[in-house]
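So that you can see what the record holds, here are the features copied from TrEMBL:
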SIGNAL    1-21  signal peptide
REGION    26-93  region 'Disordered'
COMPBIAS  33-59  compositional bias 'Low complexity'
COMPBIAS  60-82  compositional bias 'Gly residues'
DOMAIN    91-232  domain 'DUF4232'
Amino acid sequence: MRSQRLAVTVVAALAATVVLTACGPDESPSPGAAAAAPARTAAAATPTPTARVTPVAPASGGGKVGGGGSATPVSGGGGGGAATAPGGTRCHSSDLSLEVIQGPQEGASGSIGPTGDFYIQLTNTSSHICNLFGYPGVELLDATTGKPLGMKDVRSSALALPSGGEPMQQTLDPHTAAAAYVRFDTRPPGGTAGFPRATKVQVIPPDETQPLVAPILKRDASPDDHTIMVTSTTLTVGPMGAAAVPMG
């Protein structure tokens with residue numbers, strides 16, 4: 001009888017282990033956690049392989065990692081990113097190349113709306129795998145002097161690519177990329193004398209201090225440098241997200 005009771009106990013323990021394993025945490029991101037998708041422009045992009053995405057818990061304190069569509073102001077355009085994600089090697093500025101792509105700003109009626117946008121894309125040009133997690137620091141450079149315009153980043157998880165939501169770790173194999181979406185205030189061409197314009201963007205990758213600079217390209221029109229006009233000192237910046245710039 002004692003051996004029978006022992007056998008029953010072992011079977012019960014094994015059954016409990018199976019149940020606990022089946023109920024373990026699901027590491028895949030929940031579709032319901034995504035916020036409203038940012039409005040896409042028709043900016044085309046060079047096909048770039050996709051980064052591997054890993055959900056990461058938001059950093060505690062400081063409000064540096066937004067969630068659920070929140071917006072967090074950050075003083076000083078071109079500042080650092082968010083807290084480093086656990087595991088792996090962080091992508092350093094020297095590992096990355098920058099591309100800035102702007103789509104058409106025209107609305108349905110053909111007029112230019114009050115909000116412009118562009119995408120920044122960071123590509124891993126190194127020979128090793130590295131991780132990006134959080135928000136880049138973004139600054140505009142004056143079209144005439146090349147000096148920073150003194151923009152202030154407002155971090156918003158609602159702008160996370162591809163459709164909003166919590167920041168996620170982007171694991172970049174060599175020659176793969178991650179992108180972030182940026183919005184700014186602008187105005188139709190008439191009566192815009194005196195407003196600052198930029199032809200280049202300065203980006204500091206998350207947790208880095210060394211900036212990268214690239215011209216603003218308008219892919220749907222021509223590969224030439226493109227000038228943007230800003231009517232406020234605020235840039236709304238999403239976290240590093242889906243690899244390659246959306247097509248629209």
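Using N, Cα and C of the backbone, Cβ positions are placed for all residues, glycine too.
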Arithmetic mean of per-residue pLDDT over the domain 'DUF4232' (91-232): 86
Residues of the domain 'DUF4232' (91-232) by DSSP state, where helix covers H, G and I: 6 helix, 68 strand, 68 coil
